[in-house]
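Record features (TrEMBL):
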type: DOMAIN; residues: 671-726; note: domain 'CBS'
type: TRANSMEM; residues: 59-80; note: transmembrane segment
type: TRANSMEM; residues: 128-149; note: transmembrane segment
type: TRANSMEM; residues: 161-181; note: transmembrane segment
type: TRANSMEM; residues: 230-254; note: transmembrane segment
type: TRANSMEM; residues: 266-283; note: transmembrane segment
type: TRANSMEM; residues: 304-323; note: transmembrane segment
type: TRANSMEM; residues: 343-364; note: transmembrane segment
type: TRANSMEM; residues: 400-418; note: transmembrane segment
type: TRANSMEM; residues: 424-447; note: transmembrane segment
type: TRANSMEM; residues: 471-495; note: transmembrane segment
type: TRANSMEM; residues: 501-522; note: transmembrane segment
Amino acid sequence: RRYEDFTTIDWIQDSIVERNRRIRDAEKARTAYRGPRGEITPAWVWAQLLKVLSAGESWLVITLVVGIFIGVNAALISIVTEWLSDIKMGYCADGWWLNQQFCCWEVESDEEFCPSWHPWSAVTPARWLVYVLFAGVFAFVAAHLVRTMAKYAAGSGISEIKCILAGFVMQGFLGFATFFIKSLTLPLVIASGLSVGKEGPSVHVACCIGAIVASWFQRFSRSQGKMREIITAASAAGVAVAFGSPIGGVLFSIEEMSHIFRIKTMWRSFVCALVATFTLSVMNPFRTGKLVLFQVTYSRSWHFFEIIFFVILGIFGGLYGAFVVKFNMQVAAFRRKHLANHGVAEAVVLAILTAIIGYSNRFLRIDMTEMMSILFRECEGGGDYDNLCQLSVQWPMVNSLLLATFIRMGLVVISYGSKVPAGIFVPSMAVGATFGRMVGIIVKAMYRAYPQSGMFAVCDPNVPCITPGTYAFLGAAAALSGVMRITVTVVVVMFELTGALTYILPTMIVILVTKAVGDFIGTRGIAEETIRFNGYPILDHDDHSLDVAVSEVMKKDVSILYASGMSVNDVEDVLASTDVKGFPIVASKSSRALAGYIGRTELRYVLDKAQHMGDVTPETPCSFSRQASDQEDFVLSGVTSGSALGAEEEVATELLETTASDDVLKVWPWVNQTPLTVSPRLPLEIVMQLFKRMGPRVILVEELGSLKGLVTVKDVLRFSATEKSEGDQQWDAGEFEAVLEVVWNWAAEIVDRSLEWCRHMVRRR
């Protein structure tokens, strides 16, 4: 079925179409290719073999092919990103295509001089200038490509994919242009230094691969439900290659992406994630055996007194999530109002600003994944980056980490949502890692100052008591959970990153505290808030409304059609005077007895098809109800030009040809004669559950068989929005946006005065 752009799939109608197609295919398979007396023929054997191959198509072809493509694409993106990130700092004399790691492969220690790697200049200001210029150029190229070639390549894509999996139609969002441009620009954006990550966009790219490959096979291209099963599996593979965590990817697709998750889909997601991770491991993009840069292994355990400090990290994660979600939405409102037509300029300014600010800080200057790999390490395992583990500079290091935490937090707020591929996973983990490492250094300093105190008495003096790297690791988990509002997925991802069962309990403690703080504040995840901000008609699992009947929300003044007594011209007039997506059908003008429901797309298809055949005039009567003389046992509800393939097209043509002899346009096979109906007194809470679990586009409201109105998801969301108290802040009236408007006006005034002064000086000369 071909749905119009920015519409919602009616999953009930889609399942009816799929069921009818399955019944016809089964009937055809039973009778076709048999001999005159029903004997088995070679053609029948071949048909059965094709049936077996078709049954394993999704497992043996789609999942494996999608997984391999996702793994290869992720490896290529990682390789290019590393090279572009290093080219800002210098170049390799042995080969321009080598990044710093491969250029200095034979140099064992970071402290040793690498003769093959040459900085762009020996002068610090010149190096800084080149660094800033590269950042601006990378951001400009990425933003320009996105604006001119694939607008859907901007942003993270997770919010939109959640809506697509729930039934929202966004044509082109998972197309080849989006896949190609996002894969091409993602390394540029990461290398530019913007405080955005590649993990969210990696999920979007993986889903594009899934949709493109699945569209090659008719079994998936003609079924919206099966197509979304493949997209769900691809989203799991996207997270798997982003974090090197196949099980975490499956849990992410369950916890965050899919509204309805079947066991069959879970197995497909697992296989797809496993194949993608295996492919990435075979390609080994970093030549270290690691799937991601910040994989780490810990050799020491933790102590129970550290739970106090783990709780602090959890509190920070909850507060960080609330802060970023609230103010990023305010920035998004400001961006929509003032910067909608200046996406390229905004990205370049943000990249240059980030480079100027970050170059002076050792933790903001380098790539975020590299920074996390440094902060996660134990000091005894080669983790003494830039004197990070030296006791003589521990307090300046604390100040540097604290400054990096708050600067990065502000940059994440203003950068996420810009018109370039931008994720929020790694930036949030980077913020949590700097804060956690700072806490770890402070705790270690306390231990060294008071080693005999009651708290530290359990420590073995011959073994390091505190491992600051584990605090960075747990802080990253807390920040990621706080901003995305996911729990189990984060625990499993962090376990797969470390491979240590020892730190599962601390991770669970931190995540539970983060969730408790977020629930107390009332924070939603950034993906859910983005869905609300963009106005997508999707109900979240947490949406509810109490003590309200559906009669207070339904539309009472609806456009209707009559089961009989209408001509083609009358129907055309109704279509021309309305823009609704469907029409309830009642018995007659004198009776509002409900007879069915027909979508606008189906009705338009029937009229165009009949007029094309030349057997219909404007005065031809239309029949929306089944007559006693109609003996056909088929139903075409939901069949349109996009899905009228094979049997459906033949049946539709045969049916419309009878119009010439009967002088009546039979529309009833396209009518849903058993639409989903509820009573006006039914609580709205139950209606919301029907929308979430069954997925209808519209629910009709009837009482004693008489039509009273209808309700859609948009009606529910609109009512929920107006139900909020007047004291709630709206997205377009926030305090932070007011501050931004003041700054914007102030900056515009400065620019105007500067230009005026320049003109004055030019005239004087």
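A Cβ is built for glycine as well, from the same backbone N, Cα and C atoms used for every other residue.
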Sequence-remote partners of the transmembrane segment (161-181) [C-beta within less than 8 Å, at least six residues beyond its ends]:
3-11, 145-146, 149-150, 152-153, 203-205, 207-212, 224, 228, 231-232, 235, 256-259, 527, 531, 536-538, 695
At a threshold of under 8 Å on Cβ distances, which of 128-149, 230-254, 266-283, 400-418, 471-495 pairs most often with the transmembrane segment (304-323)?
471-495
By Cβ distance under 8 Å, which residues at least 6 away from the ends of the transmembrane segment (128-149) in the same chain are close to it?
84, 87-89, 120-121, 177, 181, 184-185, 188-189, 191-194, 343-344, 346-348, 350-352, 354-356, 359, 365, 418-421
Sequence-remote contacts (6 or more beyond its ends) of the transmembrane segment (501-522), Cβ cut-off under 8 Å?
298, 301-302, 306-307, 310-311, 313-315, 317-319, 321-322, 470, 473-474, 477-478, 481-482, 485, 487, 490-491, 494-495
Kindly report the helix/strand/coil residue split of the domain 'CBS' (671-726) according to DSSP, in that order.
22 helix, 17 strand, 17 coil
